[in-house]
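First comes the structure, then the notes that go with it.
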Amino acid sequence: MALPWALAVLSLLPLLEAQSPACANLTAKPITNATLDWLSGRWFYIGSVFVDPAFKQMVQKVQASDFSFTPNLTQDTILFQQYLSLEDHCEYNSSVLWVHRENATLSRFDGGKKIDAQLLLQDFNSTYLLAFSMDDETKRGLSFYADKPEATPEQLEGFREALECKGMDKAEIMYTDWKKDQCEPLRRQHELERKKEPESSPRPPAGGHSSEPPAP
């Protein structure tokens, strides 16, 4: 099933608008090693707004989602491993994201089509946003991620302010519900398999992010 890879995973366009107070807590900066180190580990998809009807229909099926980023700093790639709880079952996806440092873009090829998303860091600890096709009124979308299954009220308000900044409707937010997660048995199976691998084999980090976003 082809879901917007944003649920799990980025030409960075400046989203800061000095004239708008709602945009004051967003930062858009080129990707550095510090950024990639900070992104490394486990993340949780909290919610999103998508204007594109096809994307919206697919996202509405997502009950819960978590994933791991494992960056390769020398090759500028990220191993992306995602668990999706979709209605009555769990799906697991693994793919590679390409990092374009100068314009802060993460890219993925899905069905031969290149998909980019914009990485936006906030003043709030341990959260970030992915913005999609923000220059297209009919296709744009904004997704919100945190390092815990449930975001704090302050973090959620930051997401709503970001939507306001871009003129998107807060009433359209589609939230996940971690209590509906169905992927724990598969996670345990994968963890047991990883423990049996040789120590030299690459494995996704268990999680744990710095308490603050990377410095510029």
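Cβ atoms are placed via backbone N, Cα and C, with glycine included.
Automated prediction, rather than curation, is the source of TrEMBL annotations.
Not measured: the values here are computed from a predicted model.
In TrEMBL, the cysteine linked to C183 by a disulfide bond, out of C23, C90, is C90.
The Cβ of C183 (disulfide bond) lies under 8 Å from the Cβ of A64, D66, Y83, L84, S85, C90, Y92, each of these being in the same chain and 6 or more residues away along the sequence.
Other Cβ atoms within 10 Å of the Cβ of C23 (disulfide bond) number 17 in total over all chains.
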